[in-house]
Amino acid sequence: MQTPNNNGSTDSVLPPTSAGTTPPPPLQQSTPPPQQQQQQQWQQQQQWMAAMQQYPAAAMAMMQQQQMMMYPHPQYAPYNQAAYQQHPQFQYAAYQQQQQQHHQSQQQPRGGSGGDDVKTLWVGDLLHWMDETYLHTCFSHTNEVSSVKVIRNKQTCQSEGYGFVEFLSRSAAEEALQSFSGVTMPNAEQPFRLNWASFSTGEKRASENGPDLSIFVGDLAPDVSDAVLLETFAGRYPSVKGAKVVIDSNTGRSKGYGFVRFGDENERSRAMTEMNGAFCSSRQMRVGIATPKRAAAYGQQNGSQALTLAGGHGGNGSMSDGESNNSTIFVGGLDADVTEEDLMQPFSDFGEVVSVKIPVGKGCGFVQFANRQSAEEAIGNLNGTVIGKNTVRLSWGRSPNKQWRSDSGNQWNGGYSRGQGYNNGYANQDSNMYATAAAAVPGAS
């Protein structure tokens, strides 16, 4: 092991030897040949690893002392070259894509998912305290570490359990992969879990101008994180590019739903059928198409933004500006066997539901939320999903705070009017309605 001294150079320190044994001879002062130098470095690394396993407390103290000398500032400096120092934050989607391609590479021969220019390793099963400093220390003997990044949750700043180590050369990355895979991690009771990342961390993220191939995933358990959701889908569908669990900005907790972005339309279609009702953690997922136009980016900042809902058709009627506080949703195309309790379940994921009404024999229903934002989220995410046996179509319903008149004069719930016009369970609305719904999904950027 090499440790810095007061003069800025490094001294070689070997682990304690047992009594009666002859200590190893001191290192020669002359500079050894490169091949011998590499062999000596490798032997020192092995001795260091053995010492850490035999004397974990002393090894940790030495490691902490070394870290304090190298990085006195409480915030860890990134281990990288100038280019990385200018851009210390990596894009979320790019790393999520690397994460899914790691799962894909597990089913392929080593190196099959990358090319000869890939110099980045994926490191998984990280404990919560394992940060960039820890990973850099583990691989620093190669003297070729270019950058280190541990992926963290943007809301909690806690580690997601994986990260990336980029090397200066492909050969150095290969050596680290072969040497450390399965080796017990320093100061831990678990082995290194390594694999090739899909591409170098310095490459640009893919263009977001392609088709939107996202799905909505509801009924998520509270403990499901981005990484868990990603792993659930990426293990079966190699084209998965990212996953995002929507977090309540006020509580910091999951809202119980999220999005998964695909790169292949056929796989997305398969997932909507095969994964609907499948378990993720302790709950069965409810899967449907993600209707926001840019759901692949998991929404923009909080607030209302125009989007087009799938299946929108022109019709009669309009919504005046006075309806900006309307929180009632019309649900068309309902299965005749769906009860009000069945209808309430998927909508309750998005906020407090005030009332649910299903007029007899009309093939439709109404869901009223306590606030407009919850209704907007529900429309944006549930339109075109399956409830019961049918695919439903959502639009804004009649606000119960206005007295709507109809030819028949009949109303439901003091404000649900037949004047809305039922066409086999579908309400005739003007096309502008389908552009008024807004996604209120916290941004991933």
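Keep in mind that glycine also has a Cβ here, set from the backbone N, Cα and C atoms.
Here Swiss-Prot flags 1-45 (among others) as region 'Disordered'.
Positions annotated as compositional bias 'Polar residues' by Swiss-Prot: 1-12.
Taken from Swiss-Prot, the feature compositional bias 'Pro residues' covers 22-35.
Annotation source Swiss-Prot lists compositional bias 'Low complexity' at 36-45 (among others).
Per Swiss-Prot, region 'Disordered' is recorded for 93-117 (among others).
Residues or ranges marked as compositional bias 'Low complexity' in Swiss-Prot: 93-108 (among others).
According to DSSP, the domain 'RRM 1' (119-199) comprises 22 helix, 28 strand, 31 coil. Under the heading domain 'RRM 1', Swiss-Prot lists 119-199.
Under the heading domain 'RRM 2', Swiss-Prot lists 213-292.
Taken as a whole, the domain 'RRM 3' (327-399) shows an average pLDDT of 86 in this prediction. Here Swiss-Prot flags 327-399 as domain 'RRM 3'.
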Counts of helix, strand and coil residues, the domain 'RRM 2' (213-292), according to DSSP: 19 helix, 30 strand, 31 coil
